[in-house]
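Presented below is the structure to which this report refers.
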Amino acid sequence: MATPSNPYAPRRSGASPSSSAAAEQIIGKFKRMDHIGKGSFAEVYRGIHIVPNTQQEKRQSVAIKSVNMNKLNKKLKDNLVSEISILRSLHHPHIVSLIDCHETPSRMHIIMEFCELGDLSAFIKKRADLVNHPQTQRMIEKYPNPAVGGLNEVIVRHFAKQMASALEFLRSKNYIHRDLKPQNLLLNPSSVYYSQSGTLERMPLAADASSLLPATGIESLPMLKIADFGFARILPTTSLAETLCGSPLYMAPEILRYEKYDAKADLWSVGTVLFEMMCARPPFRANNHVELLRKIEERKDHIRFPEGIVCSRAMKNLIRALLKRKPTERMSYDSFFSDPVIREEIPDMVDEDLPQAMQASEPEPPVEPPKRVQKMPVEMDRRPSDSPYSRSPRDRTGMGSTPPSRPMSRPSSAQAAGTPPRTLSMRRGSNAPIEPIEEHAPLREQRRPVLTNAATAPARQMPLSEQAMAGHRRRYSRDDQAPVPSSLKDTERERRTEAGGMREAAERAAQDAALDDGFVFVEKRRVEIDALADEIAVGSPQTQRDRVSQRDTMKRRSTTQGAPTSTTGATAPSKAIQIQRQPSLTHQRAGSYERRRPYRPSFESATSALTKAMNMVSIRGLGLSPPVMKGVSPPQGYSAFPTYPAAQSSLLLVGDNDQVTTKDEAATTVKKIEELAQLSYVIYGFAEVKYKQLVPVAPSDEGLGIGPGGVRRKPSTDVIEDDDDDDLTPDTIVTIAEEALVLYVKTLALLNKSMDVAGSYWNKHRRGSLSPEAASRAAVIAERLNRVVSWVRDRFNECCVKSEIIARKLKQAQQHLPTDHPSHPQNLSAASGSATTVGSAENILLTTGITAEKLMYDRAIEMSRSAAVDELTGHNLPSCDINYSTAAAMLEAILEDEEESGSRKLDTEEINGLETEDRQSIQRLLEEIQRRHKTLKKKIEIQKAQKRNSITSAPAGLPSSRGSPSSQGTAR
């Protein structure tokens, strides 16, 4: 869900009165006002409640989420319907409530509770400015931010209690959220603020009488509400899910590994949110989900907190218990709800926030519950008796000590009329008595947790600057405290605070770039492809031979020390040893080998979704061109690209393959995968030209990305700054970046389809028993399949990483454009139709209207014309051969359906955004190029034959020449 921006953040919209007036619209009982936020497919507006039939305005605010239904595919529409259905059934103080819903033919207007303070992510980022705003000024005065880290622990515990209260309610209904993150945790000023500031009439419109009354926590602090249930679903306790949903930085490892998961995945997200509130950064940060999972695995459950941070032992223990990689070792829901941080009183509260029972002089707790002192609106004085959540005798305790609410009992008859009771409850089946309040009284004597010098975090690799001092420090266990004198404590605390502050400033920029912007579905596809490639690799004959040779090799001790040289006398390693080393070069994902779940093609993956989104701009006519700028497409340095790199066993059938027929389904399938890989390679080469204009690399890194020994080089992900763009204007960078991005996405679409074909074949044939003769043929096919799938997997991951880099470049360049430029972010609107929205992760807008098909079509025309001219003049015929084949491959890629479907589509259906007329035009051009290409190859064969004849007819005394060109289609 797109969340409203906080009041102390600069607004990107509604800058002028005219634009505000244009935004006003009557939607049922509400008037839509100014624009406050934007999502991938929705705009969020602030609305006000109006009296029916009178148009008299009230000052109570609501949030109106206006979803453009025309931009949603079936999957997203299902998510929207699911979100509305879930919100209708959920009524809890710490869950954003649905107030109303209005549907039009083109838009769905969802009226929800308005959260004035925005989301928790902005709250943490702008924590230094909270003291300057009326809604949070008193909070910061009472609980100032620490010098190192994020929010005061009192505030963190307050939010943790409220988050636990909402989760306990969700678990009682068997719901799992699946996308808990700071951006989906919205905040409202406390009711105490509205009461004391005399602005009760400005309180947001409440869905029911208790939605603005906190169920737990501190009454004077902001109120937290969980939002965005687009990925939520009903998941019974014994069920497991396997859909990759959520935001990578806050995803549980089992989801990143594409394993089945249960509701415990939400607990991991809770741990990441608590860590970020305490430390002002997520516990794990990475550019993509593969790197993120690697960092989580490498940490091995050792959660390290920044030095100098003020964090109690109980809070650290809770976060560490939540951030366990294995769900079986992770804290359970019952343990979480009964944890001291959630169940017990919040320590170090100021006197005015203490429950009234704690301030009473009598040692015994009062019999009657304390009554609220502030006055609430009249419509909130009466609470419906059929509230979906209930109260219990535990409501009589103070708010700071109240545990979260579970499904509840009926209101007590002793409840005072007109006084909204606390929405707190006892746990089901719990017979434990309520602890006397006086047992918590000693906690008030200690105003701040003592910061000791004990090493509370697991051991980590220290920088070189710290290793020199390591010998003088004693490491203590988590349960011990270092006996440091008080004077040394102060010095050490100052040193840690200063060092932590420097690190805080250095990490802030990295955090902004690494913070997740939304839902990244492409990560799911990468996990699926990695899992399939690993599974096929395990089942290939080569890998099985490696295992046998490894067992044989382990029976004897290897004495090989190195390569044979004249000086060392080392013997060359045996063939068996060489074989067993090969898998380590390309297949290191041991965790994926253990899974044998069927591969499921995902047609709604990011590859397909991104391509469909970008191809919303019509390609009809094909005569339109992007703005012509110096140095942009097509670059003069672009030449034809070689075919998909095959092994020595000739993975591809190069040349005229019309005469090649086969009745073997396996061979046909592998041939289809190889053809798709070849098409993707051609488009990838085109994208690489654009990429290297924006991110130059050393000459040694060019080519096929293959290093010494056949090891594939990892694409550079560090070059994301603007140092290499100094010679390009922002306008030029925007154009090149958009062209590169759409070409990479087109490449991903073809790679995606090739993996779908491989997955369908693998699921169908992997379990069958074969005769010895058939098994021998299958082994050869499996070898080819393993090689091509491994290549596709590596290329898919590389394109994902590079497309992320280009996306960042594009967003940076758009920010650097003049403010009056049409492509500047403040002049763009996803709903206006003037720009194309790409994906749902970063709200990338393509302003030039370019598509991959348009670029490929223009380039194919240019290359075929160049080849035709050279053919007529007889100049450089091998180069003409490459140009013709590359142009034909580009046109074939345009016509290739990106989805692997068992049913044949109608001729009138659009495929990849192309209408029938456009496809027919491209098909005619392709046939003409193929015809000329066939004629050219005949000319080349004639030249070769003439050259051979001239060699054989040469005098015997002259040496023969063997300088003929290499085989067809070879790149020069």
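Just so you know, glycine gets a Cβ as well, placed from its N, Cα and C.
The following features are taken from Swiss-Prot:
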type	residues	note
ACT_SITE	D179	active site, proton acceptor
BINDING	I36, G37, K38, G39, S40, F41, A42, E43, V44, K65	ATP binding site
COMPBIAS	9-20	compositional bias 'Low complexity'
COMPBIAS	398-413	compositional bias 'Low complexity'
COMPBIAS	437-448	compositional bias 'Basic and acidic residues'
COMPBIAS	489-498	compositional bias 'Basic and acidic residues'
COMPBIAS	544-555	compositional bias 'Basic and acidic residues'
COMPBIAS	559-574	compositional bias 'Low complexity'
COMPBIAS	577-589	compositional bias 'Polar residues'
COMPBIAS	961-972	compositional bias 'Polar residues'
DOMAIN	30-342	domain 'Protein kinase'
REGION	1-20	region 'Disordered'
REGION	358-510	region 'Disordered'
REGION	538-602	region 'Disordered'
REGION	706-725	region 'Disordered'
REGION	812-835	region 'Disordered'
REGION	938-972	region 'Disordered'
Could you give the Cα-Cα distance between K38 (ATP binding site) and D179 (active site, proton acceptor), in whole Å?
18
Rounded Cα distance in angstrom between I36 (ATP binding site) and D179 (active site, proton acceptor) is 22
Which three-state DSSP class does A42 (ATP binding site) fall into?
strand
Taking just the CA atoms, what is the gap between A42 (ATP binding site) and D179 (active site, proton acceptor) in Å?
18
Cα of D179 (active site, proton acceptor) to Cα of V44 (ATP binding site), in Å and rounded, measures 19
Among the binding-site residues I36, V44, the one whose Cβ has the most other Cβ atoms within 10 Å is I36
Looking only at K38, A42, D179, the recorded positions on record, which one has the least crowded Cβ, with the fewest other Cβ atoms within 10 Å?
K38
Mean pLDDT for the domain 'Protein kinase' (30-342), rounded to an integer?
85
Give the three-state DSSP assignment (helix, strand or coil) for I36 (ATP binding site).
strand
